[in-house]
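Take a look at the structure set out below.
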Amino acid sequence: MSEQFQHVSVLLHESIDGLAIKPDGIYIDGTFGRGGHSRQILSQLGENGRLYSIDRDPQAIAEAKTITDPKFTIIHGPFSGLKQYVEELDLVGKIDGVLLDLGVSSPQLDDAERGFSFMKDGPLDMRMDPTSGIPVSQWLQEADVEDITWVIREFGEDKHAWRIAKGIVAYLENEENEPLTRTSQLAKLISEVAPKSFKEKKHPATRAFQAFRIYINSELDEIDTALKGALDVLAPEGRLSVISFHSLEDRMVKHFIRKESKGPQVPHGLPLTEEQIKALGSAKMKPVGKAIKPTKNEVNENVRSRSSVLRIAERL
């Protein structure tokens, strides 16, 4: 890995411990990133164990190809395709554990050319896979104020969404302005139009940048599909270990595990026979322990871990 863009895996040991690795098990790392979790899983596998890792970032794929362990296979694609990949491998119901480390990796944030960070000047892109989809700069050119407001409010949970969206559209409609193509331009613009608040510790552009990244990569849809796919491919007693980095992600994971742990909810008094109730199915998984957050030591060593949450569940 390039020394310039190092990545420290968050909740590394806790998430791997949550998988309860079997030496001869079959595992999926849905988010290879720079391989921290994958390498840890591989170190615990015996000769007959297998690890299939997934990533849609070409730089992550290049890093994965440096691993020569015959137990390891890298798959280039979004983790929402997890179920499809496992079906093609004819391993549905045979997977002993699935790990999902959500969010943006440190090398992606640190590489200005990827356009994820308002702290660094770079192209206003934000695509996880630069070979598909459109960059944020193009989307902003084509979107109206209502669309931009909705994205910032829905995915950034920013109460100033309307004001920020109006400022962006006003800038773009002024022909005297330079094209909005750089992260530094957008960060400066948001800082100028967002109301000044002494209570807000974060940079004014934090939530909007998060919102645009989530939207342009369809991240929440990807997570929803991946969670459902993981449930479908896991073997009985197989583990699901998910690390999230903001409240939108964590709520999705929490609600998914809760829903699948309860099974179908039958309204009280509904006239169903015992056979009909059984036909509705039962709980498909159970939570393992409580949500885990990083220790103070980990946060001190890696400040980006401070918002992370790990949730673990087991297939029934």
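Note: Cβ is positioned from N, Cα and C throughout, glycine not excepted.
According to Swiss-Prot, the protein has these features:
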BINDING   Gly35, Gly36, His37, Asp55, Phe79, Asp101, Gln108  S-adenosyl-L-methionine binding site
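Overlay of Swiss-Prot annotations on the structure.
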residue : record                               : Cβ within 10 Å
Gly35   : S-adenosyl-L-methionine binding site : 23
Gly36   : S-adenosyl-L-methionine binding site : 20
His37   : S-adenosyl-L-methionine binding site : 28
Asp55   : S-adenosyl-L-methionine binding site : 27
Phe79   : S-adenosyl-L-methionine binding site : 27
Asp101  : S-adenosyl-L-methionine binding site : 26
Gln108  : S-adenosyl-L-methionine binding site : 22
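DSSP assigns Asp101 (S-adenosyl-L-methionine binding site) to a strand segment in the three-state reduction.
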